[in-house]
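According to TrEMBL, the feature domain 'RING-type' maps to A:36-74. The domain 'UBZ4-type' annotation in TrEMBL covers A:178-206. The region 'Disordered' feature in TrEMBL is assigned to A:202-275, A:402-446. Per TrEMBL, compositional bias 'Basic and acidic residues' is recorded for A:262-275. The feature domain 'SAP' is assigned by TrEMBL to A:290-324. Marked as compositional bias 'Polar residues' by TrEMBL: A:409-427.
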Amino acid sequence: MSSNPFSKNLESVSDPSDWNTTMVPGLRELDSLQRCYICKEFLKAPVMTSCNHTFCSQCIREYLLSNTHCPLCKSEQLESNLKKVILLEELVLCFKKYRPILLELLANSESVEAGDPEECKEMKELQATANDSNSINQDIIEIPDDDVGTSQGQPPLKKRLTDKKHLVDSTLPKNDDLVECPICSELMSAEKLQTLHIDQCLNGKSNSSHRSDSTRSSNMSKPHTFRRKNSPKKTNAISSFFRPVDSPVSDSKSKSAKHGHTPSENEPLHSNDIPVHHLSDRKRLPKLDFSSLTTPRLKDKLAGLSLPTHGSRLQLESRYNQYYILFNSNLDSNHPLSDKVLRHKLSQWEHSHSTFTNTSLFNTKSPINFKSITDKDFPVKLWLRTYKKDFKELVEKAKLTNKKKQEAPESNLTADSNKSEVQSASENLHYGNHDHNQPHSAISDTVDNMDINKGIENSSLFVFDDSQEIANEE
Amino acid sequence: MAALPKRIIKETERLVSDPVPGITATPSEDNLRYFHVTIEGPSASPYAGGLFKLELYLPDDYPMCAPKVRFLTKIYHPNIDKLGRICLDVLKDNWSPALQIRTILLSIQALLAAPNPDDPLANDVAEDWKKDEQAAIKMAQEWTAKYASTSSQ
């Protein structure tokens with residue numbers, strides 16, 4: 001990441017603004033509505049809070065680990081109140097799947113316009129009205145209540161697009177999402193095969209017979225429904241657009257309706273790939289109260305989850321917490337990943353997180369990066385002990401400067417010198433990354449810059465009472 | 001150095017391609033979490049005509065915690081202290097991951113337009129402000145001309 005992540009990553013970054021260059025720029029609203037307010041990505045395993053706001057399960061769980069309110073409306077929130085939104089996840093997955101095709105198709109506006117100018121005009125009109133009703137949607141702090149307008153405006157737009165899509169459908173392999181497992185020759189999506197199924201198959205999990213039944217029966221039933229319709233081609237396009245959406249909905253209905261039925265009876269309703277009975281067996285990980293847990297016990301817990309047990313206490317705790325978030329949010333997905341994949345994700349996270357990459361007592365990259373001195377749990381004593389020498393030097397230096405200033409006439413304190421000091425301080429902050437000693441020189445420069453007549457002891461950098469402690473320890 | 005989340009890349013791209021009027025934010029070349037920021041003083045405020053430099057840093061936990069922002073240019077404002085630190089609720093307790101860099105910078109611009117001496121960070125300035133607002137505003141204008149005028153930078 002240190003080289004230039006921008007050039008490397010920009011290609012893989014999708015943004016609502018991608019639609020600006022298409023012939024339906026308003027689609028950016030549809031695009032941005034399906035994104036998480038926290039990570040700005042398409043919603044992954046979306047969950048709803050009790051205040052009816054929606055976030056990625058992982059994002060909101062991570063946030064609620066250290067906060068107790070909704071990021072959007074500040075109302076009290078408990079992690080246990082989060083509810084998954086099955087339909088939304090399928091909608092987003094579906095949109096994601098067709099997004100690149102739509103982008104490409106709508107970018108080549110010439111050919112489409114030539115083919116059906118009327119439709120095109122209609123679409124632009126529709127677009128204009130949609131734009132009028134809500135142009136604010138781009139902004140991130142919007143409250144979903146505003147979205148009512150959009151959801152009214154969008155269905156016809158979307159329908160138009162699905163109508164258009166049958167043009168593309170011919171170029172698309174119809175069953176591209178189904179591949180055969182090399183072991184049990186079950187049909188499923190390639191993604192599922194790679195992430196979930198092959199592991200289970202290799203581990204000899206024996207639910208394959210159940211599921212192959214279900215997938216096959218659903219595959220069988222789909223052509224039936226198509227044939228029943230009048231115009232096969234058109235309905236094919238539409239139903240394929242909504243197919244993944246339909247199934248979980250009917251499923252959840254049936255679940256609530258015939259509560260108490262055995263999972264195997266419900267199973268044929270899962271058209272695609274959700275081994276639900278398997279999932280419901282899995283319990284969420286409990287939140288741990290680390291203060292009442294000894295390190296060996298914590299290591300036992302980690303080992304019980306087949307997680308690594310090396311590292312400092314802090315690292316063990318953050319490792320558990322991160323896995324806790326990953327694991328529990330995975331349960332909110334309609335397409336959960338295997339534990340193995342989760343553990344891989346965890347190790348990736350560790351490689352990119354400062355808690356694990358920095359071996360020093362705490363992160364001394366630069367003061368501005370460092371945990372704020374005003375934080376409640378700031379380790380004041382540790383800080384004082386570590387920088388005792390530096391503080392002493394600073395006090396000496398400040399006294400010296402003070403003396404000089406008293407000797408020299410007031411006018412010497414020009415604006416320019418002050419400004420350049422502040423700027424050099426900031427440069428030190430900025431380049432502090434490279435040198436552990438830099439931050440202190442940054443502070444020293446700033447000390448020069450403070451109102452020296454008030455005395456160093458009163459200055460904001462030395463407000464803690466423990467400053468006495470330095471003297472005592474000497 | 002933690003990996004750069006996509007969210008930061010997106011925000012940066014949008015800040016550069018679609019900047020907020022009166023505000024610029026450019027990422028540093030060797031640390032993409034560090035931004036050089038300038039904010040123009042709002043026109044109906046004592047800071048009008050000034051161009052204020054700030055630094056902004058996105059901590060590893062961003063967006064779970066607020067960006068760190070500090071004024072580099074000296075400014076006479078009851079909610080901004082000598083070190084350039086800013087007293088603003090959304091930078092502290094009221095931070096929410098649904099906020100972002102541009103909204104934070106807009107809030108700071110709004111703070112320049114509406115100083116709040118009742119919740120001070122720089123006590124001396126706040127006292128001046130409450131004692132004689134006209135004089136304080138004049139002082140802020142002088143400081144703006146002295147430290148933040150575009151010609152002097």
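Heads up, the Cβ atoms here are built off N, Cα and C, so glycines get one too.
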Cβ-Cβ under 8 Å with the domain 'SAP' (A:290-324): same-chain residues at least 6 beyond its ends: 65, 339, 342-343, 346-347, 349-350, 353, 355-356
Stretch-averaged pLDDT - the domain 'UBZ4-type' (A:178-206): 63
Positions whose Cβ lies under 8 angstroms from the domain 'RING-type' (A:36-74), at least six residues beyond its ends: 14-15, 81-85, 88-89, 92, 95-96, 140-141, 143-144, 321, 325-326, 328-330, 332-334
Secondary structure composition of the domain 'SAP' (A:290-324) [DSSP: H/G/I, E/B, coil]: 25 helix, 0 strand, 10 coil
Counts by DSSP class (helix H/G/I, strand E/B, coil) across the domain 'RING-type' (A:36-74): 10 helix, 8 strand, 21 coil
